[in-house]
């Protein structure tokens, strides 16, 4: 029995609260069970130097956790004077995932920064960040079109992510912290709304996993992502 009584293929309750803050062009509070992340999308005119003159835009991301997002307080990375390796890995993942959702040529010379700040962590913070940031990005792009700065919306479709893993020999979807910490295999999967894979991060923490188990985990992830995408689309219609 899973901690919340979920079935093996069931994601936690997902809530996406749009327009959560007033200044950013897109803002979403995303909740995957007890994991809560504030995602904002900020638009700036211009692109990084390596893209100047190429007529395309750029999407980048930053990720962080509030000091008491976890069971015990973690010092702010700003106080330490540098970002940790985990933080850099996650924010690069978020940026790669969301660039797959957008036609950068159609975006033109705009940069959109996605800031994902974890308020409360209970497993799956990077996958929640991607899923919430995609909705914030959609709102920001809609504003560019509504304001006449873009003629065509460059959004190609939704992108979402979910964690999957093997816990006590059973393949599970959307691991919460107690499951994640006990997992023999832990995997994060990012997909487009039509089920194409953007990224798979998978590690055998204990016993190596088989090819058949990998396919089972990917199938679980696809089902979970389909559910998350349906929630994203419903949120954008409200």
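Including glycine, each Cβ sits where the backbone N, Cα and C put it.
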Among 86, 99, which residue shares the phosphate site with 124, 125, 126 according to Swiss-Prot? 86
Cβ neighbours within 10 Å, counted over all protein chains: which one of the binding-site residues 86, 126 has the most? 126
Other same-chain residues whose Cβ falls within 8 Å of the Cβ centroid of 86, 124, 125, 126, the recorded phosphate site, in sequence order: 63, 90, 118, 121, 123, 127, 128, 129, 188
What span in Å does the phosphate site cover, taken as the longest CA to CA distance among 86, 124, 125, 126? 13
